Amino acid sequence: MTYHFEIDTQWCLEQLLKDGRISERDKLLIQTTHRNKEQLKWHPLQWIAHFDLKDQAHTSKPFDILRLSQWLAEKVGLPLYVIDPLKADVNMLTSVMSQEFALRNKILAVDVNPERILIGTDQPFVRDWVSNLELSLAPKKIELVLLSPDQLQRYLPEYYQVSRAVHSSKNATAYERDNKGVEALLQLGDNQNPDANDQHIVKLVDWILQFAFEQGASDIHLEPRKEKGKVRFRIDGVLHTIYHMPANTLSAVIARIKILGRLNVAEKRKPQDGRLKTRTPKGQETELRLSTLPTAFGEKLVMRIFDPDVLVRSFEQLGFDEILLKQWQALSRNSHGIILVTGPTGSGKTTTLYSSLKQLATDQVNVCTIEDPIEMLESSFNQMQVNAAIDLGFADGVRALMRQDPDIIMVGEIRDQDTANMAIQAALTGHLVLSTLHTNDAPSSLTRLHDLGVQPFLTAATLLGVLAQRLVRQLCPHCKVLSDIDKQQWQHLTQDYEIAMPEQIYGPVGCDHCRQTGYKGRIGIYEFMSLDLNLKQLVSSEANLNQLKSEAKKQGIQPLRIAGARKILEGVTSLEEVLRVVPLT
């Protein structure tokens with residue numbers, strides 16, 4: 001095939017028909033469909049993908065843009081490169097060529113190492129730029145790869161925009177950075193236009209937030225270092241380094257976010273907390289909780305992203321099976337008593353509570369919450385926030401809510417004796433109380449209440465049940481494979497319980513869909529313990545933790561590790577992941 005030839009829709013359709021991937025009818029449909037002004041700018045593969053055709057060689061699979069890109073890569077004999085933005089070194093990639101050269105030729109550097117540079121394009125036969133680039137990059141070799149048109153059109157302008165924003169901020173003078181820039185940022189709410197450097201910071205902050213939403217991050221970490229700061233995202237419970245930027249640029253980014261969160265920009269010596277509202281790329285309103293911390297190299301900022309889909313997520317999506325769902329719903333239908341959800345920070349406790357309250361919050365009941373902070377605004381709850389500045393704690397909040405004629409009270413966390421006692425008083429006076437504790441498993445919550453100073457007979461009289469939970473990463477459905485089981489690890493996980501050992505289980509591999517991690521998304525595993533008469537008697541008699549666990553086992557209550565083992569058998573997660581997350585004692 002001849003170089004310097006730009007593929008068009010006609011060429012693609014003829015080749016697809018020749019290869020038996022589309023029918024004559026499909027070709028005619030695409031050729032005779034009118035394109036509007038915007039669609040005329042599309043790449044041929046994007047226009048063909050628009051019709052959602054079936055791949056005639058694999059009738060069960062649609063001809064989406066990725067599949068069409070794979071076909072074109074095979075056709076022209078080039079590898080298809082899928083950009084993983086989490087692993088891209090934007091500074092290095094954009095230094096390969098100027099933005100003008102990249103935009104003019106519709107190419108992008110996607111990987112750089114000492115011997116060669118990978119250059120991505122969506123027009124594999126247009127190569128009149130190669131000789132010029134080889135000359136400027138010698139002695140490094142150039143290797144051509146094919147990019148999906150969607151990826152090229154997104155990351156080509158985005159990479160250069162981010163790089164330009166960082167460099168513009170880096171080149172500002174010390175006076176501009178420390179004074180003029182911050183003053184201009186403070187005026188962003190007015191009608192005045194900030195200078196160029198500050199506008200770059202605004203764009204950089206927007207890119208960080210939108211990128212975090214797209215990647216499904218739960219937390220954003222902005223971490224200062226001596227020379228270069230780091231931007232990290234927590235995705236599926238694991239931190240990924242996204243970007244390195246000069247320390248002064250990161251400082252300006254943090255200042256911008258502090259202003260948006262209404263924090264004191266000048267105060268960098270003590271921790272601060274705040275919130276900001278923004279919108280996701282899908283247009284959903286979401287909130288971020290901000291927390292700053294003074295460190296040796298400057299102020300560190302962590303943003304916790306509250307998932308706007310939390311309140312519309314079903315229990316099945318959270319990981320509840322049919323039996324657990326019935327038990328949990330029966331427990332939450334009680335008119336009074338205490339229900340606890342336990343687990344470490346980030347284990348999904350708040351999501352479970354919100355989902356439960358959403359079902360309970362009908363027009364016939366008054367649902368009140370006291371939280372620190374309010375994690376998700378919901379119109380069917382009456383939500384109240386703890387405020388240490390005015391001495392409004394959880395215990396004070398519960399005391400105030402008791403005078404508001406509540407039916408159901410949600411206490412964000414029982415962390416001291418006063419809060420525990422107020423929750424018990426609320427339960428004794430005819431209210432249903434839902435709250436959280438930080439314990440490793442369900443039986444431990446009983447001894448934890450005792451440690452907080454709650455009288456055992458009061459715990460026995462008011463506690464209805466406990467749900468302990470963890471979040472495990474789900475295996476990527478696109479690449480998981482069966483492999484032989486590690487018998488020793490399986491026996492370690494299921495000790496003292498009779499669960500048949502399978503010969504093979506699914507494990508992680510890694511592909512473009514899961515960023516080579518082998519996992520995509522997370523799901524809950526649960527240990528549910530309802531307090532029957534025997535357990536209540538043990539609690540009243542101040543039984544130790546081993547006695548409580550023994551009685552729970554007699555009742556058929558299965559620990560978290562067994563719930564994890566069942567998820568392994570279902571092919572949902574891996575043995576290594578469950579062993580990483582659950583307590584084995």
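Glycine is no exception: its Cβ is also placed from the backbone N, Cα and C atoms.
Residues annotated as ATP binding site in Swiss-Prot: G346, S347, G348, K349, T350, T351. For S347 (ATP binding site), the same-chain residues that are 6 or more apart in sequence and have a Cβ closer than 8 Å to its Cβ are Q469, R470, L471. In three-state terms derived from DSSP, S347 (ATP binding site) belongs to neither a helical nor a strand segment and is classed as coil.
For C476, C479, C511, C514, the entry in Swiss-Prot reads Zn(2+) binding site, with the evidence type similarity to another entry. Remark: C511 (Zn(2+) binding site) has C476, H478, C479 as non-local neighbours, by Cβ distance under 8 Å and separation of at least 6 in sequence.
Packing around C476 (Zn(2+) binding site) is summarised by its Cβ count: 21 other Cβ atoms lie within 10 angstroms of its Cβ, all protein chains included. Within 8 Å of the Cβ centroid of the Zn(2+) site, not counting the listed residues C476, C479, C511, C514, the chain contributes P477, H478, K480, P508, V509, G510, D512, H513, Q516, T517, G518, Y519, K520.
Least crowded of the binding-site residues (C479, C514), judged by neighbouring Cβ atoms within 10 Å of its own Cβ: C479. Taking each Cβ in turn and tallying the other Cβ atoms within 10 Å, the top scorer among the binding-site residues T350, T351 is T351. Local packing around the binding-site residues G346, G348 was summarised as the count of other Cβ atoms within 10 Å of each Cβ; on this measure the leading residue is G348.
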